[in-house]
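Report on one structure; see the data block that follows.
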């Protein structure tokens, strides 16, 4: 799994530095200027915790959709789809697309439940704490932070490797650190709203460049007919286990199906367990959530399906061409698994300018997702660690400081982790097969925390632990049984990863339902709606707020539940008394019952005797104090 020294040079190193420093610095400066304009003219204070973390919960459909699309347009998504098409045929690109869309649709439904049941939340972990308490909160916080670290590191690993090979074998450390620097600057300064604005710009550029790549490469290879004929003629030239007659255009591709299942499982973990997607839900206006997610799901289809089918297919047919960068040799397995088929094919068909465009969109894709991960982790650090367990009465100023520190620390930890993965020989494909095992166990329990009122505390705590333990056990056991060894090569094969991922995803759901049904409990959703988790801002955002707005603790939740029960008992008692009075009136003797009209007539006659008409009587009665407040003889 080590890199190959014969990797080719596509662009000079100056191109890499130009994109990483020039484009990155330009975006950072631009977003800082925009943030200042928003603060000055629209009163959106980036020093406000609510603005920094959830953008005042007022983001519209267009910005929300572009943010979700941009956050789901990973750099390794663009690279990996061409790799899988090269390995297993064009059916892989379809399964890649399907494995991306379904999670966005699910998150749209889960997100609207979250906004309805806990509208003041900043992170998904606050929901867990309000419902299950400290132990479950810490468990899911660890799972979420692991998901953030794994997803961010995998993107940096793939993007930095591709940028390095494109830009004249740029040193991997320089490619990694320069990739994160600019996004760190504007994310710290502008918060979530700045990431939304940059996501919109990134999405626009990404879609334009991808449209150009697909149409231009398709034209170069002779259109759809020409590509189909070349791929059909290639069938049988290379053995592809599980494919019908070794064809690359068949729908019967065992490897593509296995890959699609592993990818789908992993993407459920990367979406549900990633707090950044929940933040986009909380930050969106109520009517914008579902349309934004569905729009993003439609847009995301345009990434892996056409790109993988067209450029991955072209890579298969052009690898033996003299224009291919590796000619006369074939691509090494490391180059294939690292996603280098995409830049090599662009170089062979469209030249250096297209490779420069790829360098740009890889950088934009990785920075968009990293910025969302930064804000997500900073929110967890701020609301779920610092304010919950360290300084319960923290005000706005200290919370903003902790958010900034969280961004910096997480970014460099993720960068260091990705460098470690590179130097131990882990590539994009191996890491992509591994991640579902550790990020999927909490998916179903977390979803049921917001959509099912019967899940108990014990079920929420036990099921993820069972899932991750059994998933890793199945992964290693399958590798040993199938390949007689447990090492980095056998663990990176498809079947061990598939069985482990399915176990890690579905077993916790089964365990949670069984435990919950053994000793059922019903949760009162109004507890979340009454929770005081908003941060109260002072007039000067640079000072600590006088009303800190503590996150609701479990004790306060219990007190709120007791208060709600007392109110319910009082209302029931009042209704019972009212029902008894009505029954008493209904059972009175007929001679004692006074028709409604007669009663009103008698009241009118009494008022007339006293010299008042009905209107005067009503006005005088309204102006008089309550009889209970008068002496007894006067009221009589």
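Residue 1 is the first one shown; counting continues down the chain.
Placement of Cβ uses the backbone N, Cα and C atoms for every residue, glycine included.
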Range annotated as transmembrane segment - as stated in TrEMBL, picked from 256-278, 325-347: 256-278
Would the transmembrane segment (256-278) count as touching the transmembrane segment (95-114), if touching means at least three Cβ pairs under 8 Å and pairs must be 6 or more apart in sequence? yes
Stretch-level contact, the transmembrane segment (354-377) and the transmembrane segment (398-424), CB cutoff 8 A, at least 3 pairs: yes
Quickly jot the same-chain residues contacting the transmembrane segment (59-75) by Cβ under 8 Å, restricted to those at least six beyond its ends, or write none. 100, 104, 155, 158-159, 162, 193, 195-197, 199-200, 202-204, 206, 271, 276-277, 280, 283-285, 287-289, 291-293, 295-296, 299-300, 303, 362, 365-366, 368-369, 372
Long-range Cβ neighbours of the transmembrane segment (497-518) (under 8 Å; 6 or more residues past either end): 258, 261-262, 265-266, 268-269, 433-434, 436-438, 440-445, 448, 452, 454-456, 458-460, 462-464, 466-468, 470-472, 474-475, 478, 491
What residues elsewhere in the chain lie close to the transmembrane segment (430-450), defined as a C-beta under 8 angstroms and at least 6 residues from its ends? 1, 76, 80, 106, 110, 113-114, 117-118, 124, 127-128, 131-132, 140, 143-144, 146-147, 150-151, 153-154, 157, 262-263, 265-266, 268-270, 272-273, 337, 421, 459-460, 463-468, 471-472, 475, 488, 491-494, 497, 500-501, 504-509, 512
